[in-house]
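Working notes, structure below.
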Amino acid sequence: MDIVSHQKIRRFEAGTFQEIESSVATEYPLTIYVNDQELVTIVCTPEYLEDLVVGFLTSEGIVRGPRDINSVDIIEATGHAKVSANFVNKFNAKYRGKRYITSCCGKSRENFYFQSDASLVNVKQNGNLQLTTDMIFRLMEKFEQNSATFHQTGGVHNAALCSSAEIIYSRMDIGRHNALDKIYGRALQDGTSTEDKAIIFSGRISSEILVKTAKLGCGIILSRSAPTELAINMAEELNITTVGFIRGDRLNVYSGFERIT
């Protein structure tokens, strides 16, 4: 299935209109069924769909990981993903989208907005991953080189899982959560540890993206954009390093300073 379509448009430039062909990101609704029960419809980019399903179900706490999944059958023609699972957390499946505010890590600040997030996120333990600024600049350069669809359409989000030296997985999607779920799903299926890895993200680091990073088990997130105040507060409490505004030869470290040298 094509992830990009080509549309005739009228562009205004230098005082005149001209008709050109423009690349546009494809939008694809995927409905996930777990043991023949409809769970959710995700609007996504139609590639790496099995990775998306596995990553989504695990990050939302519906399953504990690939060991709970017998099979994933993607039916592209109808937009269905049929999952056979030997274990399903029915509580998280039922209350996945219920708004719920609780204090983070036993502190008084109210940070989590969904019940499943509060139960699935733990304080990140100090790992052995540390990054120098030179490493970060090199990783961001490689990340940009892997962002062809973003530059072509301007309509997708990019995410990557990386070590200190290289990008391991790179995924893009029209949904920012989806891009991270695709990475998580691939890492889970490959048995790739995320504890000593970092996330690179193309957009701003919102509290939702910070929670996704925590669910993946990564201790560092890097972005060309900035984090929000709530994301920084959560990062401090969850012991996650946030680095933003990585542009040219400068960057800002907002939390977890000890991991960046």
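Even glycines carry a Cβ here, placed using N, Cα and C.
As the structure is a computational prediction, the values presented were derived from the model and not from experiment.
Annotated features, as they stand in Swiss-Prot:
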- Cys105: active site, cysteine persulfide intermediate (ACT_SITE)
- Phe245, Ile246, Arg247, Gly248, Asp249, Arg250: Mo-bis(molybdopterin guanine dinucleotide) binding site (BINDING)
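Everything Swiss-Prot records as a feature, shown here on the structure.
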| residue | record | Cβ contacts under 8 Å, 6 or more apart |
| --- | --- | --- |
| Phe245 | Mo-bis(molybdopterin guanine dinucleotide) binding site | Arg224, Ser225, Ala226, Leu251, Asn252 |
| Ile246 | Mo-bis(molybdopterin guanine dinucleotide) binding site | Ile136, Phe137, Met140, Leu222, Ser223, Arg224 |
| Arg247 | Mo-bis(molybdopterin guanine dinucleotide) binding site | Arg224 |
| Gly248 | Mo-bis(molybdopterin guanine dinucleotide) binding site | none |
| Asp249 | Mo-bis(molybdopterin guanine dinucleotide) binding site | Phe137 |
| Arg250 | Mo-bis(molybdopterin guanine dinucleotide) binding site | none |
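Taking the centre of the Cβ atoms of Phe245, Ile246, Arg247, Gly248, Asp249, Arg250 as the Mo-bis(molybdopterin guanine dinucleotide) site, the nearby residues of that chain (Cβ within 8 Å, site residues left out) are Phe137, Leu251. Secondary structure from DSSP puts Asp249 (Mo-bis(molybdopterin guanine dinucleotide) binding site) in coil.
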